[in-house]
Every structure is written in structure tokens, then in C-alpha cells.
Amino acid sequence: MNTSPGTVGSDPVILATAGYDHTVRFWQAHSGICTRTVQHQDSQVNALEVTPDRSMIAAAGYQHIRMYDLNSNNPNPIISYDGVNKNIASVGFHEDGRWMYTGGEDCTARIWDLRSRNLQCQRIFQVNAPINCVCLHPNQAELIVGDQSGAIHIWDLKTDHNEQLIPEPEVSITSAHIDPDASYMAAVNSTGNCYVWNLTGGIGDEVTQLIPKTKIPAHTRYALQCRFSPDSTLLATCSADQTCKIWRTSNFSLMTELSIKSGNPGESSRGWMWGCAFSGDSQYIVTASSDNLARLWCVETGEIKREYGGHQKAVVCLAFNDSVLG
């Protein structure tokens, strides 16, 4: 892989943050130093994801997708696409980088061919409500789509069939995730509840079956994201209640609560905890919040190890990749 020394792509750890100040910032994770800032002029950034080969980062915003080069300091996007209506809320990649998926407020999830330099939309999955989240099953053959009507759709990419679940009617699904072992699926919603299912099937031609496992009253306010750890032992949930909570998947008990609440009774709210990402060894987690900061926490102790300051407005999304390619 051709990475120039001193570029983001040459660093074994890629940490990027973005949000409402129209910039994407790249950080040296261990020092907290901002190493590169990309101006993302057209809109806020709703979602960020690094390509599997660590060569590019996708930034999804209002009516567009921009992809920036990680192996050079080129300030301009190397791939741009503007043909989607409304906000794009979610973005991710097939594990070998052949295609990208997105979901957004135009009520569609889309698959994009990445093998040519101009993004080609290959397939569209239409639902009846704006889409908040899309995640890919580890089998790379099913997309989980969560929408604002409270539905979770399982779109089988091989057969084009889809199944639908509605844990709470008319309560918006804000995030869904499947753990790397494909043992569990979690989804959080706008009332703060987290639902967990056991997964079976999903191998070969078998369709994934979801068996309800538990409902966690995770937060008292809007939940914004849920993420399993790479070792599948933990589940993190982020919320408008200023916390990120970490749950053990062995029994879904609370292990650690990470809070940005002020100890000062007179101080107003520091805002929402928008998103999170675990480190590859599952020992650390980075959070993004609307007090303009990202933070690196020790999962076990809940201690803040580093703060990443520089954004002028809320940080609502991040990408964290510390897996070194062999």
C-alpha cells in the first residue's frame, strides 16, 4: 500500500472526528495532537468511516458523500457524490472494499460500487420512513436498517428479501449493531431503550433469525448509538443524557458509566454523547460529544486518558481504526 510518511494513512492508529463545524479533524490518538484538518465546506458531517484498506475516509453529510485521501495531504475530496436527497445518516463498507453502503432521510439504503472512481449506486432499498442507521452483518450479506417509524429491516443482499422487526411502534430506531462474532444484535431508540437479540443462521444460504434476548432501560433520554466491542464482550450505548454506558454481554449488566456531566450544580448541560468507537483490543473507547470534544477513556476504570479539543461546534461522529494491516 502506498502511504507517504507523515500522512494519516501512515499512522497505525487512525482517529478522525467531525460534526457541525464543517471540518474533519485527524488526531494522534496517544498525544491528543491534531495532525490534519480537512475543510468540509458544504454541510455538517453526520457519519465517518475509514475504508478497509485505510486509504480513504468517507464523510456523509447533507445531500452528499465526500471521500478524502488518507495517504496524501490533499485537502480536496478525491471522490464526491451529490445525487442524494436530504441528510445521509450512515455510511460503511464491505470488508474487501468493493462497495459502500449508506442510509438516510430520503427513506433509502443504498449500495455503491467503489471499483470505479465515480460512485455508482448499484442497489436501492426503499422503506417508508427516514433511515437513521445501517449496519452490515459480519457475513457481509445482510444489511440491518433502522428507521424513524421504529422498524428494523433485515435486507438480504443475496436474495433481495427483507424481514422486519418493530420493538416499539413509532419509537425511532437511532442505531443498530451486530457484534463481530455475530452472536448478538443490539438496537437503541429515541426513548433510551436498548434491545438485544440472539442471532442464529446467517451462514451460507441460511437467513439470519433473531431471538429476543433482553431489553435494557439503558438511558432516560434519547439514545444515539450502540456499539459492540471487537472482542464481543462489551456493548456501549451513548445518549443525550450526557453518558456512554458500557454493558457486559455475558449478562447485560452495567460495567462502567462514562459521564461528561459537570460536577458543578450551577453549570448547564455539556450536551449529548453522540457516538463512540472501541479500540481494537477492547480496552479503550473514544466518544464524541456536543461540548466540542472527543475523549479517550479506559473502559474498565472509566478514567479519561486523553481529550481531543479543537472543534468549534458539536462533535457528532468519529472513526477510530487501530488495526494494523498485515
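Including glycine, each Cβ sits where the backbone N, Cα and C put it.
Positions annotated as repeat 'WD 1' by Swiss-Prot, on the basis of experimental evidence: 1-37.
Positions annotated as N-acetylmethionine by Swiss-Prot: Met1.
In this structure, Thr51 (phosphothreonine) belongs to neither helix nor strand by DSSP; it is coil. Sequence-distant neighbours of Thr51 (phosphothreonine) (same chain, 6+ apart, CB under 8 A from its CB) are Ile57, Ala58, Phe93, Gly97, Leu114. Look at Swiss-Prot and you will find Thr51 tagged as phosphothreonine, backed by experimental evidence.
The Cβ of Lys86 (SUMO3 cross-link) has Tyr62, Gln63, Gly104, Glu105, Asp106, Pro130 as same-chain neighbours under 8 Å, each 6 or more residues away in sequence. Per Swiss-Prot, the feature SUMO3 cross-link maps to Lys86 (among others); the stated evidence is experimental evidence.
Per Swiss-Prot, the feature SUMO3 cross-link maps to Lys215 (among others); the stated evidence is experimental evidence. The secondary structure of Lys215 (SUMO3 cross-link), as reduced to three states from DSSP, is extended strand.
Mean pLDDT, taken over the repeat 'WD 6' (218-257), works out to 97 on the 0 to 100 scale. Swiss-Prot lists 218-257 with the feature repeat 'WD 6'.
Sequence annotations record features per position, and here Swiss-Prot assigns SUMO3 cross-link to Lys245 (among others). Neighbour count (other Cβ atoms within 10 Å of the Cβ, all protein chains): 23 for Lys245 (SUMO3 cross-link).
Taken from Swiss-Prot, the feature SUMO3 cross-link applies to Lys261 (among others), supported by experimental evidence.
Per Swiss-Prot, ubiquitin cross-link is recorded for Lys305 (among others). Of all Cβ atoms in the protein chains displayed, 14 besides its own lie within 10 Å of the Cβ of Lys305 (ubiquitin cross-link).
The SUMO3 cross-link annotation in Swiss-Prot covers Lys305 (among others) and rests on experimental evidence. When secondary structure is read from DSSP and collapsed to three states, Lys305 (ubiquitin cross-link) falls in the strand class.
Here Swiss-Prot flags Lys313 (among others) as ubiquitin cross-link, drawing on experimental evidence. All protein chains considered, the CB of Lys313 (ubiquitin cross-link) has 13 other CB atoms within 10 Å.
Marked as SUMO1 cross-link by Swiss-Prot: Lys313.
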Among Lys215, Lys245, Lys261, Lys305, i.e. the recorded sites, the one with its Cα nearest that of Lys313 (ubiquitin cross-link) is Lys261
Within-chain partners of the repeat 'WD 6' (218-257) [C-beta distance under 8 Å, separation at least 6 from its ends]
174-181, 183-184, 186-194, 196, 269-282, 285, 287, 289, 297, 299-302
Of the recorded sites Lys215, Lys245, Lys305, which one has its Cα closest to the Cα of Lys261 (SUMO3 cross-link)?
Lys245
What Cα-Cα separation, expressed in whole Å, is found between Lys305 (ubiquitin cross-link) and Lys215 (SUMO3 cross-link)?
31
Quick check for the class: what is the C-alpha distance, in angstrom and rounded, between Lys215 (SUMO3 cross-link) and Lys245 (SUMO3 cross-link)?
15
